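Undergrad: If you scroll down you'll find the structure; I have some questions about it.
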Amino acid sequence: MKKKPFYKVLYVQVIFAIIVGVILGHFYPALATDMKPLGDGFIKLIKMVIGPIIFCTVVTGIAGMEDMKKVGRVGGKALLYFEIVSTFALLLGLAATHLLRPGVGFNIDPATLDGKAVASYAAKAHGQSTVDFLMHIIPNTMVDAFAQGEILQILLIALLFGSVLAHLGERGKVVTDFIDGLTRVLFGIVHIVTKLAPIGAFGAMAFTIGKYGVGSLVPLLKLIGTFYLTSIVFVLVVLGTIARFTGFSIVRFVSYIKEELLIVLGTSSSEAALPQLMEKLEKAGCSRSVVGLVVPTGYSFNLDGTNIYMTMAVLFIAQATNIELTWMQQLTLLAVAMLTSKGASGVTGAGFITLAATLAVVPTIPLSGMVLILGIDRFMSECRALTNIVGNGVATVVVSAWEKELDRNKLRDALKGNRDVTPTETAGV
């Protein structure tokens, strides 16, 4: 097959767009902030098809299962994996902050901090308890779940729908075939929308640099550097070890999903690459049923980057305000963060709201301390989203391997670049 010219390759276009966005934001900030609708529009186009794709993928995957106990088994294994890896992420964030101490030397008096700037985040954080979160998974109506784009609600509907179709067997085949055909159409739409990724990445990056400025990074470069370094270590060491035991290279896996990662980098939203990630995981040999269950669930329950960020941010605020936390208080922080992180989604700003929820339950550290990192949170959001999407991709491959539903030949060929993986191919075929 004839190789594409480099300027027609999507990830090259996205890289170029990000660079142009940074330049525009730095030299022409007023004009750059007007580019925000380009990024927002691209994310909305992707979110437009996320719900239907999750529904169709999960329904056809479950409907094709001969053993309905498998649904619970896959879900149980996924949740077990999520909890174990999330704990590693939380502990790594805590350890890195203790080791590198990015907050030491600020010597800030908590009484001088103005919490008005973060009041809206605190209000959102207080607005939902664990019970509310669980009840929110049940939609008011099926239509409402799709209209609001609530991933967990759509997943619940799909689980019920697919289970009934599996029970009906041949009598439900007409519906299953229709949904399978609809899946092909939806991924075709994703292929069209993905071509607009460079425009979306340009708009989002130009707005970020134009609004916040590169200069806002300087005072807190140590915290940003610590977070990025810790996330890289997590991916290469923790996820890399898991990948090695599963039989694949984390470096090759990251290279395989580079286009999705660049879209996430440009938009700061891991949701922006969800449909493409699901399709690529199927192309790499993961079964449709596992992809359909693990990836959407992971967007609420397996946010590794957010977990690293939370323990690091809390400890940074404590160091900056000279507040000493006992080991018992830090263990409490880990337990609280494990719970509050489950309500985070893959959209920009969700990590900051989750941080507010964590601080609200740990009264030793003032909530107003969040103002210290408010200005740089947008720059840390990219790293959170990148780590989250890699973590969910690895989780899907691992659970597929546990279920013995991983085609290792496809995985090997995909990671080596021997398979022509294009969005126009039909998922699950």
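Each residue, glycine too, has its Cβ placed from N, Cα and C.
Features from Swiss-Prot:
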- 9-29: transmembrane segment (TRANSMEM)
- 45-65: transmembrane segment (TRANSMEM)
- 79-99: transmembrane segment (TRANSMEM)
- 149-169: transmembrane segment (TRANSMEM)
- 185-205: transmembrane segment (TRANSMEM)
- 223-243: transmembrane segment (TRANSMEM)
- 308-328: transmembrane segment (TRANSMEM)
- 356-376: transmembrane segment (TRANSMEM)
Undergrad: As a test: from 9-29, 45-65, 356-376, pick the stretch that has the greatest number of Cβ pairs under 8 Å with the transmembrane segment (308-328).
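TA: Per the Cβ under 8 Å count, 356-376.
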Undergrad: Of the stretches 9-29, 45-65, 149-169, 223-243, 356-376, which racks up the most C-beta pairs under 8 Å with the transmembrane segment (79-99)?
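TA: Per the Cβ under 8 Å count, 223-243.
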Undergrad: Which residues of the same chain, at least 6 past either end of the transmembrane segment (149-169), have a Cβ under 8 Å from a Cβ in it?
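TA: Apart from its flanks, the transmembrane segment (149-169) reaches 47, 50-51, 54-55, 58-65, 68, 71, 136-139, 142, 175-176, 292-293, 296-297, 299-300, 345.
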